[in-house]
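Novice: What TrEMBL records for this protein is below:
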type     : residues : note
TRANSMEM : 9-31     : transmembrane segment
TRANSMEM : 37-55    : transmembrane segment
TRANSMEM : 91-108   : transmembrane segment
TRANSMEM : 120-141  : transmembrane segment
TRANSMEM : 161-181  : transmembrane segment
TRANSMEM : 188-203  : transmembrane segment
TRANSMEM : 209-225  : transmembrane segment
TRANSMEM : 232-255  : transmembrane segment
TRANSMEM : 261-279  : transmembrane segment
DOMAIN   : 269-414  : domain 'O-antigen ligase-related'
TRANSMEM : 291-315  : transmembrane segment
TRANSMEM : 437-455  : transmembrane segment
TRANSMEM : 500-521  : transmembrane segment
Amino acid sequence: MAHIKENGYYWFAFVLFSFLLLLPSYFRGLFFPVEQSWALLGATIIAVLTYLWKLSQRDYSLMRNMLDYHILGLLAAYIIASFGAASAQLAVQEIVKMALYVYIFWLAANLGKDKEKIRYLMMVIYTSAVGVALAGFLTAVGTINIKDGFVSGRVFSTLQYANATASLLAAVSFLGLYLWYKGNTWQKYLFTAGNYFLLIVLLTTNSRGGFLVYIPAVLIFFLGFRKRWWTIYHWGFVMLGAFVANFKLIPSILAKDFGGAWGWLFMGLAVALVGQIILDIAGKFTDRDKFVAFVSVAVMIAALVGLFMAASIVVNADQGEISEDSILVKVMPEKFLTRIQSINSGDNSTLSRIYWMKDSFKLIKERPIFGWGGGAWESSYRRIQSYGYSSTQVHNHWLQMWTEIGTVGILILIGIWFYFFFTVWKNYRQGDTETQLLQWTIVAAAVMLGVHALIDFDLALSAVAIVLFSMFGFTRALAKLRVGEPLPISAKKFAQVKMRYVAVFAVFILFTFTLSAMLLLGNSYAVRGSDAFKAKNYNTALVNFDKAATFNPWQPSYHLDMAKLNMMTGKKEEGLKEVKKAVSLSPHDPRNYQEASYIAWREGFLFEALDLAEQSVENGPWMKGNWDNLQHLYVVAGVNLVAKGDQTQAYQVFLKAADMPDEMSEKYAALTETEKKLWGTRINPRLQPTHYNRLQEGIGDYFLGNWEKAKEMLTVATKSKKTNGEAYMWLSLIAEQEGNTGQAKKYLDQAGKLNPQIMQQYQYVKDLPILK
């Protein structure tokens, strides 16, 4: 590539690309749609500058390698799957993310035009990760405030998720080892400090999956890195420093002893730096290579002993607490040991993930070829879940992609990894020592991220995925250097072919620019609409949400907001159309049906609300709130039908309301004991009848004439402060129907004391006929 020269276009694109690699981790890991759209818009602009540079050097090429084609093919798979997607909005957002990754790969492959440029871009990624590590620690000690940056004694940092933070820091630590080896004397001290911060914060994430994957990844790195003894020596001292600090770092933070935490941090840093000082001094008195090899062997022995002891904790986890006489107890913090001990297939977290992965195959079987489109799991998992849980991620990124892009897409993904490793092999086999060191570092980082994605969703954070696709791109850049791409071309041939390539590139640029701009404009108008709504400027709010839906017609929430505003401004039929439009955009998401049902019910569309509520239960059969809402609507609909004289239809809905508690009980009873144990109740109440359900059941039985059963259920409902007033009112009505006027008055007086507004309801229902 010697004939390809840098110019203003190149350096402008290179600097902007550096910022694109540097900043994502500080914007909530690019997990959220708005930040992702901005990133795509930025990447589009950088791609234009890069192609202008390539054209200025008579290089018209876009993609010409199987790895290139498979990366682009993955985007095509998401676009194809978006037709008939489970969620239109989430499918479009995954297209945004995948288009961003295509750009990241392509920019890394082209702007990394030589090894020095690749090293610089790696250093940018490294700097960003060190910043993430420092931000996590500073949040933990209260110096800065990052929402969800430190939770329950674990560092989450700017990514707001401990496991993703661990995966990122672990992967980038390999870049740090390489950069340390390549650095001069003073740079080695900087990289020693940076690598120490990466590893100490990696430990304080307490990520079991991160630890499990990092250990074999480190071994792979050392086996393939040609200068392994030097990196083992450095890693040994840095890891030793991290373990020294980790012994009391988190306990000090939890005890609010921030001064002590700083002390332990610097103590560990001192240990790491001592290793570098010893190396520099030893070089003046002995053969440094032999000294490094000797110390490295000691490091490996110590590491293997520690690994064996940690493995014994996992294997014997069912034997209870670790003996206080254990060496590990004396040198490791309690929380760290507890996390290691809990690594086993019987742990609730592990069992839950196994269920989620198993459930993902249900979606795959329903659409095995092209999948359900981006966001398939998030929008549909409640329909097929084995028990009541809340997890918008499968916690296996590759399985989640299978639900989204089907078998066709997953074969393309397998192709990416195949051609990546094939390119790595050729680069390593045919490259010089410097190429081998660089390439093996890239492989270690990519493998760390790829394998960890089998047990978690860290690649759902675009900041982490950007690092992975950068590694793919750097490998492609090394391949270009190996084969001499791009080949020199005459001015005549360049003039003949360039417009065809420019036209293709322009179409892609227009697509990504338009898509990201539309989504950002839609969000901007939605924010204005929300502000106007809060200010009670409803007409202005409606205008803005209408514009938001024009620019982003795939977002169900915009149509639900328009439905509310149309109904509030008297345009109820228009509002109902927007409700139907909203649920059609995500036809398997019970949350949309629930919200739509509430809007329709509030504005008097009772039977439309009932239909939507039934759909919410059908698509979320383990969501207790959906059952409660549907049972209530059955009762309300029944009362309205009785008032209108339609006793036949009223009988049917009251019968459904009365039967629902038994349906819930039977459904829950069919679960296995393991599934019942895994069902967390903090977010998802168990599907078991409550006082509220007994109240609705009692009302249904009252109108059906099943008064003995109704009295039993209503008596249960009187035990709760939330339902006792209404329950006494219905008991009063039953007593009156039975001719027991004295008891009826007592019940009604009790109801009035508990709920003074109950008399208005009593006056309305007391004369309604019983369905016998």
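Each residue, glycine too, has its Cβ placed from N, Cα and C.
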Novice: Which whole-number mean pLDDT does the model give the domain 'O-antigen ligase-related' (269-414)?
Specialist: 78
Novice: State the non-local partners of the transmembrane segment (437-455) in its own chain: residues 6+ outside its ends, Cβ under 8 Å from one of its Cβ atoms.
Specialist: 115, 118-119, 122, 163, 167-168, 170-172, 174-175, 177-178, 181-182, 209-210, 212-214, 216-217, 220-221, 224-227, 353, 395-398, 417, 420-421, 424, 427-428, 431, 464, 467-468, 471-472, 474-475, 478
Novice: Which stretch from 9-31, 209-225, 261-279 shares the most C-beta pairs under 8 Å with the transmembrane segment (120-141)?
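Specialist: Checked against 9-31, 209-225, 261-279; highest Cβ contact count belongs to 9-31.
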Novice: So if I exclude everything within five residues of the ends of the transmembrane segment (261-279), which remaining residues of that chain have a CB under 8 angstroms from its CBs? That is, six or more out.
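Specialist: Those are 137, 140-141, 188-189, 192-193, 195-196, 200, 233-234, 236-238, 240-249, 252-253, 288, 291-292, in sequence order.
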Novice: Count, for each of 37-55, 91-108, 161-181, 209-225, 232-255, the Cβ pairs lying under 8 Å from the transmembrane segment (500-521), and report the range with the highest count.
Specialist: 37-55
Novice: I'm a bit unsure how to read this: which one of 9-31, 91-108, 232-255 has the highest number of Cβ pairs shorter than 8 Å with the transmembrane segment (188-203)?
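Specialist: Out of the listed stretches, 232-255 contacts the transmembrane segment (188-203) most.
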Novice: If contact means at least 3 Cβ pairs within less than 8 Å, sequence distance 6 or more, would you call the transmembrane segment (161-181) and the transmembrane segment (209-225) in contact?
Specialist: yes
Novice: Which one of these stretches, 9-31, 209-225, 232-255, has the most C-beta pairs shorter than 8 Å to the transmembrane segment (91-108)?
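Specialist: Selected stretch: 9-31, with the most Cβ pairs under 8 Å.
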